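Remarks on the structure that follows.
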Amino acid sequence: MSRQSTLYSFFPKSPALSDANKASARASREGGRAAAAPGASPSPGGDAAWSEAGPGPRPLARSASPPKAKNLNGGLRRSVAPAAPTSCDFSPGDLVWAKMEGYPWWPCLVYNHPFDGTFIREKGKSVRVHVQFFDDSPTRGWVSKRLLKPYTGSKSKEAQKGGHFYSAKPEILRAMQRADEALNKDKIKRLELAVCDEPSEPEEEEEMEVGTTYVTDKSEEDNEIESEEEVQPKTQGSRRSSRQIKKRRVISDSESDIGGSDVEFKPDTKEEGSSDEISSGVGDSESEGLNSPVKVARKRKRMVTGNGSLKRKSSRKETPSATKQATSISSETKNTLRAFSAPQNSESQAHVSGGGDDSSRPTVWYHETLEWLKEEKRRDEHRRRPDHPDFDASTLYVPEDFLNSCTPGMRKWWQIKSQNFDLVICYKVGKFYELYHMDALIGVSELGLVFMKGNWAHSGFPEIAFGRYSDSLVQKGYKVARVEQTETPEMMEARCRKMAHISKYDRVVRREICRIITKGTQTYSVLEGDPSENYSKYLLSLKEKEEDSSGHTRAYGVCFVDTSLGKFFIGQFSDDRHCSRFRTLVAHYPPVQVLFEKGNLSKETKTILKSSLSCSLQEGLIPGSQFWDASKTLRTLLEEEYFREKLSDGIGVMLPQVLKGMTSESDSIGLTPGEKSELALSALGGCVFYLKKCLIDQELLSMANFEEYIPLDSDTVSTTRSGAIFTKAYQRMVLDAVTLNNLEIFLNGTNGSTEGTLLERVDTCHTPFGKRLLKQWLCAPLCNHYAINDRLDAIEDLMVVPDKISEVVELLKKLPDLERLLSKIHNVGSPLKSQNHPDSRAIMYEETTYSKKKIIDFLSALEGFKVMCKIIGIMEEVADGFKSKILKQVISLQTKNPEGRFPDLTVELNRWDTAFDHEKARKTGLITPKAGFDSDYDQALADIRENEQSLLEYLEKQRNRIGCRTIVYWGIGRNRYQLEIPENFTTRNLPEEYELKSTKKGCKRYWTKTIEKKLANLINAEERRDVSLKDCMRRLFYNFDKNYKDWQSAVECIAVLDVLLCLANYSRGGDGPMCRPVILLPEDTPPFLELKGSRHPCITKTFFGDDFIPNDILIGCEEEEQENGKAYCVLVTGPNMGGKSTLMRQAGLLAVMAQMGCYVPAEVCRLTPIDRVFTRLGASDRIMSGESTFFVELSETASILMHATAHSLVLVDELGRGTATFDGTAIANAVVKELAETIKCRTLFSTHYHSLVEDYSQNVAVRLGHMACMVENECEDPSQETITFLYKFIKGACPKSYGFNAARLANLPEEVIQKGHRKAREFEKMNQSLRLFREVCLASERSTVDAEAVHKLLTLIKEL
């Protein structure tokens, strides 16, 4: 194999920089500030953070600086006059979308450079435009013209969900808001917004873009050289030549790390100046043996674009000096580095010198040539093929002979990949995360990364960018594993010295998986980044068991958790053959990931997972070993002592109360599951196993935050006495998945967004935790009329104090997501995680950055709770005049009001204010506790002071004893406190206890046993201080978390206040009349619904710009003056497109709003509580479930007939249209009869079957109503008719459906409409003939024929 293929050829020695050169290089690097990328100000990371961390990957292309542009050191730097601007589609003052590497599209303003006076730069074929990013702290930069698009507003199609520029991130939404404001101004006014005029790092603010070829990991020296080259107009050849002369290290074009990627990293403050100074794994002993001070470091390979469009530059030639240095590496070092050499094969040789163009890239990647990796030959770790029923797709069998041929670093990668084949492995090498083989392909295609050269697919990104890139992969459905280096080279050497036999694979630093991230297990730690939305995402674990052989009933055990909050829900329930309760659960708590026991799911459950949860990740776990049974779950929870800290004061079994209630009463140690809890505990076991696999079990379970899940309809089934359920405070209205979708409460049926939904219309909450609570209230409105009226009282109380509300709203806007911050603080402070979690051993290059983020989060939480206290203070001033009990509870302090729920946080907040220097900690990332806060730290400091004082006193005694006042202490580290005595005094008789340690001209240095003892005590105290300081942040967060209940209670109170303010805001600002719902108990009156002058809450204007027409909806109202006024079923007819479906949705939504405790858009709203809303609206099939349109209709109807009670509200739209006319009519007739006469629930039933209307026209249980329309020129020719929809719901039946009017509006050909009309007339005559024949037959059977029967026969004859 060629010498060039081995790694040590890329590690030539370089003489150490002199102090002067180091200072010069540092000044050159730190002389300016890199232009921040958009969004970098609130969250450090990404490309901008590379510059902050040190010299990292930068674009090769540099722009020429303007003449005599000032650098940050105040001097003038050499520059070249800029080239003449090229033509551009944009001009100063234009608003654009700009795209930068690793960031979403961002709204920007084009404006002239503050020093150049130009907004365009041209270099070769590249044209860049100068922009300012709309951000909380405006930043500027140069962006390629091809990555700019005109900005047309946040309401444009491309900025909405599904559009090219759509983003749900709060910072981008704020940026779009600022851009919208600028869009309404002219260009001159817009340019006044260009406020970012601070100088940036010497014109290196051109951010890295997609597809850019760049060299990574430049050292201090390289940066210094590049800054000089940047301002010198030289040719490519001369620049390369110049750089070669100045470089102290040689960058080889062959791959440096494909085969031997095990170059290690050890952070060292002494070598902090260079961003690529990473250890090679060579121990200190080896380094000391080198001829000169050498820094062995790995150069990142030159990256090439995925499409290979950029040409490879000619290879550099080594200078004689460089060659000489390279050959002087010791043989010992070479032998060590050979462990990382690339494999010897023809393909490696062929591509080792390949360039970045298409011709140099392999047509087939190396991993694609491996026979055992091909799909048809792949096996799992147990050598089972994919067609085996127990095949484990998450593992891979890797032949042992292949592993033996790998380099140590790549062998470790394959070992990790073989156990986690379904994960994208982010493999830490130095300060970069590397992606290899199939993972590299994903990185290039999904993240826009670029391939490194060679026949192995290989890409990567810096440590600081992990949060951004991993989140991008996770949101696209991938599972990501973060593999960290958990051992330094020194630790590796110490380990190897203890081993009897050492192989080359042992001389590799340890790496461990520190975290597996999936959609359902995101905790948003400092490494993972911030959440992009406020709502919860659930991980659901599911266990199913059929309760009878027929399969008509089944039982479910469920456990679902929001990992960002650490809150678990666990429950067990029976379900029907349609899985109604399970469907409701996944609608209320939509999971993004589902775990289930392999081979245990029924066909119906699989259908739900395949259809309703098709976008969720689904993973089957092996029964027993992965999906635990109930007994193993309980045993593991107790053995792992997850709840030790939270339940340390508890008595008996160390389990949370919810879990303790699921154990057998006869088992005092809590290892036996309860009779009706086995499935629930088994589901928890599957969840715990997966969290354990993802390495977040300790941080989540240790919160002991469990809540039992009980289906909302559990009481409605068991209650027999009419209306008894409405006296229970916890009873809720049931809204199943079908109803939530049909009423468009959360998502619309058009594009799946929140546009036009009830949630969007009502939601004006200002806090993330308030938004989550509002969604829960919408899922489950109240049924207890006392609770409903109490919320309505709260809304009225708030509406009468608008001044106070304005103050509170402004404070609410300042609150961070405290609920998630509490979970983060707990995770950082958890002693369980700090003891044995791999992350506690990980070697992190950006540790200071992460520490700063943790401190910022902590301080943000403290500030948030201070703001909460201010809010309570404002509300307490007016609380005495409030009627609402719930409002008084959430705004009253527990210490002042016995019914108050808000904890008094004043003492705790004051304590944390004085605990440490906040500003210093924010800047340094280190926490130094003040006296009195940390007893261990205080004791260590006291011991240090005591020992130091004791040593000073001892020195004074020795001076007096020897008679020399010039005796001083000398030494550093563990050799401190040597008595330095002038030589002329040492000739006298010194005490025998004096032990000579060292000498120098003119004096000698001594130790005594007393000094050694006192020094040992001092060193011990210093070590205790350092240990205490190192663990200070964790212990500080842990102490804060001890009061979790108080902090969480405060969050819950403010969440309720935020939602009440939201409802008050809607109630006060609705379009048109708003009224307070009147809720009456069923004991006082039969069930009824009265809506007068009601409007659809989500539609204020029609599409034609007309005002929405209010309507009266009366069902079962006593005051209605007609014979069938108490009818519970209303048949709704009317023309097509006349508004029937809208009317029915309107009734359902207003009922939901009324019982949620909100004002409704109506003049009058009176009702008895509704226990459940059923809907059968729209017509669609379920392809994924294999269900036809008609089957879907009947399934939803069957659920209604099975579960509806007299207190339900049923909305059925055109049942029976999915089958033959007579079949559909018959089914609709039977359903109406069942609903009206048997169940007697409030029903709106729309239909176009006019025979159905005739059948029930005289039925006292059914009332008729229709959507009015006005017909002009009504005649036999439908083309001459003009139909005007009045959208008014009135009494009686509509004579026709006017379907041909809809056909004409849909632009059907006129001849088709005419033919259809003639055919319709034939059908009508045939139907009338049949009716006449039936009446004649009935009349002939009667003994006498009355006048009414004769009149009916004559009428039918006349119609014919």
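Cβ atoms here come from the backbone N, Cα and C positions, even for glycine.
Scan Swiss-Prot for phosphoserine across Ser51, Ser254, Ser1251 and the hit is Ser254. Among the candidates Lys504, Lys693, Lys866, Lys1233, the residue that Swiss-Prot annotates as N6-acetyllysine is Lys504. According to Swiss-Prot, of the residues Ser14, Ser65, Ser14 is the one noted as phosphoserine. When you go through Thr764, Thr848, Thr1010 in Swiss-Prot, the residue listed as phosphothreonine is Thr1010. According to Swiss-Prot, of the candidate residues Ser200, Ser580, Ser666, the site noted as phosphoserine is Ser200. The phosphoserine entry in Swiss-Prot, when matched to the candidates Ser279, Ser285, Ser360, Ser998, corresponds to Ser279. If you take the Cα of Lys504 (N6-acetyllysine) and the Cα of Thr488 (phosphothreonine), they are about 17 angstrom apart, rounded to a whole number. All protein chains considered, the CB of Thr488 (phosphothreonine) has 19 other CB atoms within 10 Å. Under the DSSP three-state reduction, Lys504 (N6-acetyllysine) is assigned to coil, being neither helix nor strand. In the structure as shown, the Cβ atom of Lys504 (N6-acetyllysine) sits within 10 Å of 14 other Cβ atoms.
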